[in-house]
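Taken from TrEMBL, the feature coiled coil covers 61-88. According to TrEMBL, the feature compositional bias 'Polar residues' maps to 1-10, 21-30. Taken from TrEMBL, the feature compositional bias 'Basic and acidic residues' covers 31-43. For 1-43, the entry in TrEMBL reads region 'Disordered'. The annotation repeat 'WD' is assigned in TrEMBL to 151-193, 194-225, 276-317, 318-359, 362-402.
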Amino acid sequence: MPVESGSSAARQAKQKRKSHSLSIRRTNSTEQERSGLQRDMLEGQDSKLPLSLRSNLLDLFSQIEREFENLYIENLELRREIETLNDRLTAEGQTFEGADLAKGALKTKASHSTSQLSQKLKTTYKASTSKIVSSFKATTSRAVCQLVREYVGHRDGIWDLSVTRTQPVVLGTASADHTAMLWSIETGKCLLKYMGHQGSVNSIKFHPTEQMALTASGDQTAHIWRYMVQLPTPQPVADISTPCDDDVDFSDKDEADGEVEGPNDCPSIRVATTTLRSHQGVVIAADWLVGGKQVVTASWDRAANLYDVETSELVHSLTGHDQELTHCCTHPTQRLVVTSSRDTTFRLWDFRDPSIHSVNVFQGHTDTVTSAVFTVGDNVVSGSDDRTVKVWDLKNMRSPIATIRTDSAVNRISVSVTQKIIALPHDNRQVRLFDMSGVRLARLPRSNRQGHRRMVCCSAWCEDNTSCNLFTCGFDRQAIGWNINIPALLQEK
């Protein structure tokens, strides 16, 4: 019996080899017949290629086809094996949803490797990104930022605003509608309208001790004009307080483009006391030097000019920037001027020594420097279209002492005098508050009911006012007065 079974097994193996060799011969013969038929077809076709080249191409295509056939056969065999394994698992009571073992195994392996990679990335970069992430963390403080008053009346976007430094304390706005307006902070009523410019009014600043305003315009001039206003009786303020956490913006609906009705009973001034002419381009900003006897202007002609107020004569022309200037600011207590430009730099001009006018160049931004302002101490804070704000020490200009990274371009910033809180107006309609070390304190509320609906152009602090201590303006044609509870804000720091 063992001999018969062995002979039968040998006979079966011999027959299997024979059939396999026959199948190989059939396959080869089939391929030869197919290639011969295809060659005959190619010979009958009209082609400019030589027959030998066409034959070689045909052989290559045949090899590719055989490779795909082999892959297809292997795929079928794998599928049969998977089905067999699934049948066994089902019989044993272990089923997988979808009955796709291979896909499930691959998913498990991929998710495991992905989780490992994610954990590795988190561990590796957690320390290096902690400083950047801290700038975007939401604060837990509540009811420390309140919208108090809206100042509506301009017919175009508002570029700049400022608060008077003398009594009576009023708010001034400079608009692209060729006018500047003075407002009652408590009532929101327009007190005076200046209409002396022939172009967009880009800047407004008030004299440190007298009732005089300095405005810069797109008509290539800067005007100095006197004003007299009488404050109206204050009215009770409605409680429209909103917490300054990161509120959800329920609507991105912009203000209607229709004309906004301006105040009809507002008195106006049409003639300037002094007109400063020397620039060959748009005058984008202007400011008073300490003492109020000189003013500085910044223009798109790449120069800043220093004028004598009494004689309106040009004292110095400050040149050196490679592109248009965007802003200028003076130190509150010293004869220092800082000018910013589209050339990604800002420059510090020193007029403390009458015989020497030194200049220092600050290079730290990668895009237009939109503004650079002094603090009471020895710091300069610069904002840029590169979405950063940098704090500099005047004694060390090589690198900033703090860098604030944001998610939108920064426009004309302001720093509070006592607490040194930086207010950042953004292109994306947000206003954020930071301290001098770069820690984010709050974001002013903005929703479909309140806040700015378009780009915020400028911010200005007025800490002496009890009702509104921060003002912002933008291209939604309105200025807004905010009440910032600074002690509560710093307590949550």
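Quick reminder: no glycine exception, Cβ is built from N, Cα and C everywhere.
For the repeat 'WD' (318-359), the DSSP-based tally of helix, strand and coil residues reads 0 helix, 27 strand, 15 coil. Counting residues per DSSP class in helix, strand and coil order gives 0 helix, 18 strand, 14 coil for the repeat 'WD' (194-225).
Here the repeat 'WD' (151-193) has, by DSSP, the following mix of helix, strand and coil residues: 0 helix, 21 strand, 22 coil. Residues in the repeat 'WD' (276-317) partition by DSSP class (helix H, G, I; strand E, B; coil) as 0 helix, 24 strand, 18 coil. Within the repeat 'WD' (362-402), the DSSP-based counts of helix, strand and coil residues read 0 helix, 22 strand, 19 coil.
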